[in-house]
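Asks: My questions will all concern the structure given below.
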Amino acid sequence: MNQDEMKRRAAQAALDYVEGGIIGVGTGSTVNHFIDLLAGIKGRIDGAVSSSEASTARLTRHGIAVFDLNAVGELSLYVDGADESNHRLQLIKGGGGALTREKIIADASQRFVCIADDSKLVDTLGRFPLPVEVIPMARGHVARQLVKLGGTPVWREGFVTDNGNLILDVRHLSIEDPLAIEQQINAIPGVVTVGLFARRPADVLILGGPDGTKTLTAA
Ligand SMILES: O=C[C@H](O)[C@H](O)[C@H](O)COP(=O)(O)O
């Protein structure tokens, strides 16, 4: 079975968590399946808060109303993908560059349901390069600080986030303590967001695989 079908299975299973109201919607290929499936039950919800321009466009195409987070306040549910998850449901996100808005919406949501194919579950985070969104003028400065932390930052050249910033993808970082690394990187002036979701991990992880889906919950 191909990876895309496993993503679709996870997205399908996430529909069970949709109870109504306005829900948070993430970004990426797995979430694209979720949005397409959500369109089939759109009468059940009042609309969505979106984490990217791409997801907003897809939601709108399906006739799902998109609201500003400021007008909505706290959300009961957020559904999003991930690039990696450990068994504590701490995540690396931002492969698509949407990490900042994703982190804001995850933080504003009571329940964060993460959907992914089962290759995303790892024992230790860090095989996937860690995305860091930075203010453009701070790119060199932040890169040097990341080197001091033991990482190898690579500028995602040509890519600009929805917030007008840049992304550094950091390889070779040892992420034994995700919470500490998240705090350390967030503290570097010029960093907008690091794509480590350790302070606010997922509450539920749905993994699609060849034999169906598997659901993990935070301890
Ligand atoms: O910025 C992008 C997001 O964090 C995505 O949720 C993440 O990259 C996973 O994407 P995909 O579902 O395409 O594997």
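The backbone N, Cα and C atoms fix where each Cβ goes, glycine too.
Automatic prediction, not curation, is the source of TrEMBL annotations.
Below, the features straight out of TrEMBL:
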type     : residues                                                                                   : note
BINDING  : THR27, GLY28, SER29, THR30, ASP80, GLY81, ALA82, ASP83, LYS93, GLY94, GLY95, GLY96, LYS120 : substrate binding site
ACT_SITE : GLU102                                                                                     : active site, proton acceptor
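Explain the structural surroundings of these features, please.
Replies: Within 10 Å of the C-beta atom of LYS120 (substrate binding site) sit 24 other C-beta atoms, taking all shown protein chains into account.
Sequence-distant contacts of GLU102 (active site, proton acceptor), defined by Cβ-Cβ distance under 8 angstroms and a gap of at least six in the same chain, are GLY26, THR27, SER51, SER52, ASP80, LYS93, GLY94.
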